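S.K.: Here's the feature list from TrEMBL:
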- 15-505: domain 'K+ potassium transporter integral membrane' (DOMAIN)
- 517-591: domain 'K+ potassium transporter C-terminal' (DOMAIN)
- 685-773: domain 'K+ potassium transporter C-terminal' (DOMAIN)
- 12-32: transmembrane segment (TRANSMEM)
- 52-72: transmembrane segment (TRANSMEM)
- 143-168: transmembrane segment (TRANSMEM)
- 180-200: transmembrane segment (TRANSMEM)
- 207-231: transmembrane segment (TRANSMEM)
- 257-276: transmembrane segment (TRANSMEM)
- 288-308: transmembrane segment (TRANSMEM)
- 328-348: transmembrane segment (TRANSMEM)
- 406-425: transmembrane segment (TRANSMEM)
- 437-455: transmembrane segment (TRANSMEM)
- 467-483: transmembrane segment (TRANSMEM)
Amino acid sequence: MVDWRGQSRQNALLVYRSFGLVFGALSIAPLYVYKCAFSGGLLHYQTEDAVFGVFSVIFWTITLISLFKYAFIMLSADDNGQGGLIALYALLCRNAKFCLLPNHQAADEEISTYRYPGRSNTNRPTSPLKGFIERHKSAQTCLLLLVLFGASMVICVGILTPAISVFASVEGLKFQAKDLHNSVVVLIACILLVALFVLQHRGIHKLAFIFTPIVILWVLLVAAVGIYNIIKWNPRVYQALSPYYVYIFFKRTGKDGWISLGGILLCITGTESMFADLGHFRATPIRVAFSCVIYPCLILQYMGQAAFLSKNLSALSMSFYASIPVPLLWPVLVVAPLAAIVASQPVISSTFSIVKQLHAIRCFPRVKVVHTKRRIPGQIYIPEINWSLMILSLGVTIGFRDTNCIGNAYGIACLAVTIITTWLTSLGISLVWHKSFMFALLFSVLFGSVEIIYLSSSCMRILKGGWFPPVLSAVFLVVMYVWQYGTRKKYLYDLHNKVSMRHILTLGPSLGIVRVPGIGLIYTELATGVPATFTHFLTNLPAFYQVVVFVCIKTVPVPYVPQKDRYLVGRIGPKSYGMYRCMVRNGYKDVFKNGDDFEIDVVMSIAEFIQMEAEGCGTPEGAVDRRMAVVKTSGKFGTALFMSQTSGPGESSSSSSSTIVSSSKSNTLQNLQATYEQEAPKLNYWRRARFGLMDAKCKDTRVKEQLQELVEAKHAGVAYVIGAAYLKAKWNSSFIKKCTIDVAYSFLRKNCRSPAVALNIPHICLIKVGMNYIV
């Protein structure tokens, strides 16, 4: 009973919060839907039946797409509670061999979040479509391009939503002040847009507590205005809920009615947020909030506007503000810009999220991801994307200066995302949830046909602003594919030029070089073998650290990887070599840890592996080759090690039942390090973690020696070795390949963040190894 009450209280809280963080863009749409719908040839049909027909189409569009498709169906098409295009693509990749990510291993399928309980592919007949895509690399590439194009359109939505929401909300000033010039409205909108994006940098999440009250106030206000207009102007408007009015509308308006669909579709803009933000609120709270509050309030508002317009056809250009009762006009003019800013915020956050996911699957240049709330996963901020969105939103506002033109672009962008979601879901119905092909076809035909009709209408508005999303998406698509192509070529080069493990082992425990105290973390994308970066380093500087760890950070097509499944650790060669391999598996929504946290996890993982190996538990659960075995850590971190925090170098806590391992650095080096950290206090954090051995839990002498060697190496210091790759196409490559690698990819590599920033590596510990890649 107590659990039921606690769950109900939690769901109620999620329902409340979802108003401000999910439904803002959808609830702001009444500002411009009727204006954009009557912007074309439909102006010649200023009759009550035409207005009722537009409202009937709006009602059935919201009901079919927003309510039935998204609220009832799409919210169930989740990936471990996550939604969005990348989630659908990840589901397809896990249930079929569609994924183009490198380093897939059988051990990845043992992750607890990889498959749903009860959903197994065994004893199921192979789908012909699945077999076709798995056999043809070009089909897999086309599927990836489709997902990348949809992601590009999501970014376009992140640009256009602030522009149209803020501009339409400020446009109401022209209704109140008849002589107000449009340039003044544009200026005010630009000021608000700049403030919106500057607040992203300053931490707008701190103001999130006021988002929900603003949206609730706005939704209830427009619903009340709708009820007032229904009662005052035309109570018969309820008759337009009948689909008969849709038939009459298209019969009388013909081609003009079809073209008006490009404006009517704006009533469902923002619907995709329900699915994209699924991971923050769960399906049930979103369904309840939409079905019980948002949906009826929006229908009442659109119905009220229709009732008003049926008796005031001359007010079509400013239908929303003209329908507001005089006593409520100024309150609406004040609340509307606030609601527009709140509506823009979740869309901007969704843009940050999808860029981060694209970067995780190696399809976007490196960016700096800032985790704004450590306790809440998924709350991120990307500076480069924020300022780019601001510049493009300002450019759209200043360039178009008209709600109709921005609306044409906005509608196409949102509709493209909706159509691609429908196609991916149809594939998922057949290949992921193993429903019949007819059921997948029915879903695709039912919703896809409606969306295609809207798309055909929107294409008639290409020259009136609709060109912006396709052109910008094409640019983003080229950037993403070029980066993915170059990254894959680099990986294949590393794979073909890796050093034989047998050759490394013949060098002896010292590897033919001088071994110095410390841990060397060598970053590589290879799951087996030794990267050429390591041998290139030794060729130029024949010395390396006492403990060598080859770190492979890979992305698994799951949203989050549990901590107990994250690290795979194995030994390379005999124990005397002091060489390990550590594979770090992240989901596409995981955020990289800071340097010291990562160091601690790696040391603890290796210590756990050493203990498991001594106990005979080192049976490989993951990928195994002839030279090494990668085992899954058991989650018993720290069974023989304890960790303490010190205020500075060389200081550590003490324990009566433990052995403190001191640093092996000379006094001169320790003094130099202390001086450096005093000059850069923020970097002092990287040296605070100190380890010791628990004597009571470490009885095996050999294990104790290995652990002591590991701890001494950690106290001596950790260095991060990453390759600085310079790609160049072969001399006999095609002209297109040379342009792609030598020009496009090289430009992106030089102008994006360095790998150290993307991986949160402290610069004090960084070693770069330059490598030329001829691909």
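Yeah, the Cβs are placed from backbone N, Cα and C, and that goes for glycine too.
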S.K.: Does the transmembrane segment (257-276) reach the transmembrane segment (406-425), going by 3 or more CB pairs under 8 Å (6 or more apart in sequence)?
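M.R.: Checked: the transmembrane segment (257-276) vs the transmembrane segment (406-425), in contact.
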S.K.: Look over the recorded stretches 143-168, 406-425, 467-483 and say which has the most C-beta pairs under 8 A to the transmembrane segment (437-455).
M.R.: 406-425
S.K.: Given the transmembrane segment (207-231), which of the listed stretches 52-72, 180-200, 288-308 has the most Cβ pairs that are under 8 Å apart from it?
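M.R.: Stretch with maximum Cβ contacts: 288-308.
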S.K.: Return the average pLDDT for the domain 'K+ potassium transporter C-terminal' (685-773) as a whole number.
M.R.: 80
S.K.: Counting only pairs 6 or more apart in sequence, are there at least 3 Cβ pairs under 8 Å between the transmembrane segment (288-308) and the transmembrane segment (52-72)?
M.R.: yes
S.K.: Take the transmembrane segment (406-425) and find every residue of the same chain, 6 or more past its ends, with a Cβ under 8 Å from one of its Cβ atoms.
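M.R.: Contacts with the transmembrane segment (406-425): 32, 35-36, 65, 69, 73-74, 77, 85, 88-89, 92, 146-147, 149-150, 153-154, 156-157, 160-161, 163-164, 167, 262-263, 265-266, 268-272, 275, 396-397, 400, 443-444, 447-448, 451-452, 454-455, 458, 461, 464-470, 473.
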S.K.: Can you name the far-off residues of the same chain, 6+ from the ends of the transmembrane segment (12-32), with a Cβ under 8 Å from a Cβ of it?
M.R.: 66, 161, 164-165, 168-169, 171, 208, 211-216, 218-219, 222, 266-271, 273-274, 277, 280-282, 285-286, 288-290, 293-294, 297-298, 301-302, 305, 320, 336, 339-340, 342-347, 403, 407
S.K.: To the transmembrane segment (328-348), which of 52-72, 143-168, 180-200, 467-483 is linked by the most Cβ pairs under 8 Å?
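M.R.: Comparing 52-72, 143-168, 180-200, 467-483: 143-168 has the most Cβ pairs near the transmembrane segment (328-348).
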S.K.: Are there residues at least 6 beyond the ends of the transmembrane segment (467-483) whose Cβ is under 8 Å from a Cβ of it, and what are they?
M.R.: 145, 148-149, 151-153, 155-156, 159-160, 358, 362-365, 392, 396, 409, 412-413, 416, 740, 744-745, 748
